[in-house]
Amino acid sequence: MSVDVAAATGEAATAVRRKPQKRGVIADGSTRRSRTVRYVLLLLFLLFVLIPVYVVVITSFKNSADTTAARQWSLPQTWTVEPWRKAWDVLQPYMIRSLSLAIPAAIISSMIGSVNGFVLARWRFPGANIVFAFILFGMFIPYQAVMLPLRTTFTELDVTRGVPTLILAHCIYGIPICTLIFRNYYATIVPNEIIESARVDGAGLVQTYARIILPISMSGFVVTLIWQFTSVWNDFLFALFLTQQDNGPVTLGLAALAGGQKVDYAASMAGALITSFPTLLVYILLGRWFIGGLMAGALKG
Amino acid sequence: MHGRIRTWGPGALVLLPTVLLLGYFVYGLIAWSFNTSLTNRHTARKGPADYVGFENYGHLFGEDRFLNSLKNLGVLTVAFIVGTLIFGLLWALLLEKGVPGESIFRSIYLFPMAISMIASGVVWGWLLNPSQGADARGLNRLFEILHLNFLENPWWTAGSRWTTMASIALPAIWQLSGYIMALFLAGFRGIPPELREAARVDGASEFKLYRHVLFPQLSPIALSALIILGHMSLKLFDLIYAITGPNQFRTEVPAIYMWNTLLRSDQAKAAAIAIVLLAVVAVLVIPYIAYTVRQESEE
């Protein structure tokens, strides 16, 4: 660190050279003023994030006469739940299909990921790294590259169109991310010595997994379940390629509700909120782990 | 590792189903798509097709429409990555020392991540309404109300490729900046406090502390963020589908073009587009995976 850099950033430098006890300086080295600036900026960005939320919520409670250009940002003249009722009538069957799809898909891929992750982290074999790379690549592929033959394969396998097809697809293509999350999780929380001593005591892989690993896997499962539930729920591409309007998940339903010639904006907005509700609920209830899941989504996060 | 089947055999056996599944559903189907892309299967019909070599690829790269979709994708990716990294890093910087209500800020910044791109596309499609002046809707109406008329613009419907694709990137930035913030925030929190202390004792300014001590520690995270955003952007489909519909030349990217091609049952061409898309992703991702796996095995 050269001296001229300090000179170039004169103001910041003096701010720190003061003794931390001095007035106006907070323990972390920043001044009160810089802290106020930070706070104001944070609030401004909060506005940027929340503006769409405001307009969606108010629009969803308006009647169609009230959604004119001039009144778009104003509160409803008369509040009505009619758009919600309308959207719900359309979306309800889709919501049920999405639930019966996302829950099993999340559970199955999490279970496979847990076993895989354990082996890759703590029961390694020669060539495990190659297998790991082989699995990892599946996480990044654009699904367009497999979509056409996937549809043919499912037709040949005679899987029922709709929920079963999607469960299968999401389980298979969810394995890489679940494996990665569990692998990182076990690599951090399970000391190698425990596994070694279990092996010395003659415990096999199944025993070690069932007795030692599974009981401490709870938070790993929470992370993969949240991650998978959210991404399966939000998926649109598989839904579009592998199902039809009458047996598809809620993203298809919403696209249909909000598309078309004559769009009912209020109902579309209510529909967007209804569709987002389950993932938002998961996020609000399990937010702390959700963040953990997002971190795990980054390879070295 | 000890070379004894008894010790490592069960592990390999456990992974076998996964390897077989992914071997078929990832690698096998990619090979299948590639194979289709080499044929003249331009209809929905089944039965044998003739191999035409790389003819489909030749046609694609000689076609204005495909080149347009690639350029759109390039612009979209740059706008999306730059925007998201700036917002994400900025938010992390603002939060990393801790402020009152930090968890509230964090949660709200992050929440758009939980929403499907279809839902946010429905909303943003409405916000990005191109009408201006007295008839302005969406964000343009908001600018009218705030007397910021100069900010009004036609969004994705007119103007340059940059205006168009940046309008598409805007909702994506809105959705994913919080994610990048969370990554960087975790990175900042992972740096041992002693490192900061030592730098301060040595008389480093705040600026120098970040520039020379903290940022270098974050570079692995920045790399991850870049790869994640890059591959997301290359695959982006739902958002464009929801905002502009799939039939807009101005906002067409290869993923959307492939869908349009499939609607006309041109299987060989659709497969070729998909394989080009895969190749672009692979160029980005394979070196990264190789680097990650090598690093982990050294540890």
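Every residue, even glycine, has its Cβ placed from backbone N, Cα and C.
Annotations in TrEMBL come from automatic prediction, not curation.
Bear in mind that the values here come from a model prediction, so they are computed numbers and not experimental data.
Per TrEMBL, the features are:
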type	residues	note
TRANSMEM	A:39-61	transmembrane segment
DOMAIN	A:95-286	domain 'ABC transmembrane type-1'
TRANSMEM	A:101-121	transmembrane segment
TRANSMEM	A:128-146	transmembrane segment
TRANSMEM	A:166-187	transmembrane segment
TRANSMEM	A:208-229	transmembrane segment
TRANSMEM	A:265-286	transmembrane segment
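Between the transmembrane segment (A:39-61) and the transmembrane segment (A:265-286) there are 3 or more Cβ pairs closer than 8 Å, counting only residues 6 or more apart in sequence, so the two stretches are in contact.
Of the candidate ranges A:101-121, A:128-146, A:208-229, A:265-286, A:101-121 contributes the most Cβ pairs within a distance under 8 Å of the transmembrane segment (A:166-187). Counting Cβ pairs under 8 Å to the transmembrane segment (A:208-229), the top-ranked stretch among A:101-121, A:128-146, A:265-286 is A:101-121.
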